[in-house]
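Below you'll find the structure, written out as structure tokens, and then a few comments.
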Amino acid sequence: MTSHQALAAPAQAPLVAGWRNGFAALGPAFFTELRPTPLPAPHWVGASDDVAALLGLPEGWQQRDDALQSFTGNALPPGSRPLASVYSGHQFGVWAGQLGDGRAILLGEVETPAHGGQELQLKGCGRTPYSRMGDGRAVLRSSIREFLCSEAMHALGIPTTRALCVTGSPAPVAREEIETAAVVTRVAPSFIRFGHFEHFAARGQQAELRRLADYVIDRYYPECRDGANPCAALLRAVSERTAALMARWQAVGFCHGVMNTDNMSILGLTIDYGPFQFLDAFDPGHICNHSDAQGRYAFDRQPGVAWWNLLCLAQAMLPLIGEVETARAALSTYEGVFAAEFLRRMRAKLGLQQPREGDGALVDALLRLLAAGRVDYTIFWRRLSHAVAAGDFEPVRDLFADRAAFDAWLLSYEELLALEDQALVADLMLNTNPGFVLRNHLGEQAIRAAKLGDFSELQTLQKLLARPFDEHPGHEAHAGFPPEWASTISISCSS
Ligand SMILES: Nc1ncnc2c1ncn2[C@@H]1O[C@H](COP(=O)(O)OP(=O)(O)OP(=O)(O)O)[C@@H](O)[C@H]1O
Ligand SMILES: [Mg+2]
């Protein structure tokens, strides 16, 4: 053995392997290359083993200092090519002009063993040329919410960006009060938004607009390449994915809160977890974003807002599509896909496997009842699932002040239920209606503890939300009614 070999440190597997950086190949019109700005004294806040496995990270990655430093933005994983992308967008219905990754930096794309290319993005890692007045940072509070909800949505089967980890730093960040900084490492096949298309369209940069569309088609929608008008096919495909996503949100009771066009994923993923909320009491007009005084993004407006956003995307893609009529035709399936998908999800929630005459009316009547009684949305569905399994509807009746109205509805429901394969009904319902969702007060409890350096509640929540359809003995409180103080939590755009 030579002395050199004797002194060499044991070879360490690269933290992240297989970089290929597809987005960077689009060229400099699409981004600015820059390094994240370091944060002092980083520490782990939370991590997802599931996302780590998806990326093929080496065993024990969380014990490694290069992981902590890299996912805080203090070091660069070899092979990454960090950049901030430029996009524009409509915010609250108004053209906002250029926005861009003001506090997110794309490290690059990794080829994963089972899930193709996945991009890694650090959110909260310092200023970029697109930060405008912002400080480039994200606070611990909002980073924990984004981390927990990304993974919770995935476990619910709802398309979403994922979150690998959150790291925190004592660095102060000024919001309504002084908080501390954190960084979320997000993962998705692509972070391209409607706003990326709007950006180049608004500037008349046709060549870039086409390059972007070609990239999205070739990488993510190859089936659109075949027809006579690939860009029209892309618009239709995005529209249908968006419709399906809206159906998922509405069925589970998820309110996004900031559906600006720059927060709409071209892949139909849920992106940008800001002032989001899972409904407690069912209120169709619920506004979860304290900053949304007009209620533009109220719960029941979400499918309509997504449609409005798709019109913006269509407008941006028009030079690539040609005729207005062709673009209109591409969007014509939105409403039908939304309605069909929503009803399909609601049928599954009711345990109904076959479409039948009257099921739509049954769903409508139920939603009216839930709204009238301000019944807790998640608890209603979970109790209904257990009631069907046990053949005892009393615990569900208890949720309604107007029991006669509920009994009348129950009669029609039982008629449809009787036509189903009973052995499958309860199973379907228990695997469709989660017991555990990230209610505001649960997130708040985890955040309060985390601010004091205690991450145990965050970890507990993470475990529960990763298996939202299971029973978790001993954690009944996490599936219970929100406490009184929950209604006083105010979630704004401040993050
Ligand atoms: N603290 C900040 N510093 C710099 N830019 C910011 C900050 N907060 C928001 N921005 C930028 O303002 C715009 C709108 O912000 P929005 O809240 O929709 O996004 P975000 O939460 O920062 O990120 P994302 O959409 O990537 O999840 C984006 O261009 C965003 O990068
Ligand atoms: Mg955003």
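Every residue, even glycine, has its Cβ placed from backbone N, Cα and C.
Annotation for D262 (active site, proton acceptor): same-chain Cβ neighbours under 8 Å, separated by at least 6 residues, are Y87, S88, G89, H90, Q91, A96, L99, R193, F194, G195. The active site, proton acceptor annotation in TrEMBL covers D262.
Residues or ranges marked as ATP binding site by TrEMBL: G100, G102, R103, K123, D135, G136, R186, R193, D272. For G100 (ATP binding site), the Cβ neighbour count at a 10 Å cut-off comes to 22, with all displayed protein chains included.
DSSP classifies N263 (Mg(2+) binding site) as helix under the three-state reduction. Proximity of N263 (Mg(2+) binding site) to non-local residues of its own chain (separation of 6 or more, Cβ distance below 8 Å) is seen for G89, R193, H256, I271, D272, given in sequence order. Feature annotation from TrEMBL assigns Mg(2+) binding site to N263, D272.
Counting only residues at least six positions away in the same chain, the Cβ atoms of A104, L120, Q121, L122, K123, E146, S150, T161, R162, A163, L164 sit under 8 Å from the Cβ of R186 (ATP binding site).
Burial estimate for the binding-site residues (D135, D272): highest at D272, by number of other CB atoms within 10 Å. When other Cβ atoms within 10 Å of the Cβ of R103 (ATP binding site) are tallied across all protein chains shown, the result is 22. Checking the binding-site residues R103, D135, R186, N263, D272 against ligand 2, the ones with a C-beta less than 6 Å from an atom of that molecule are N263, D272.
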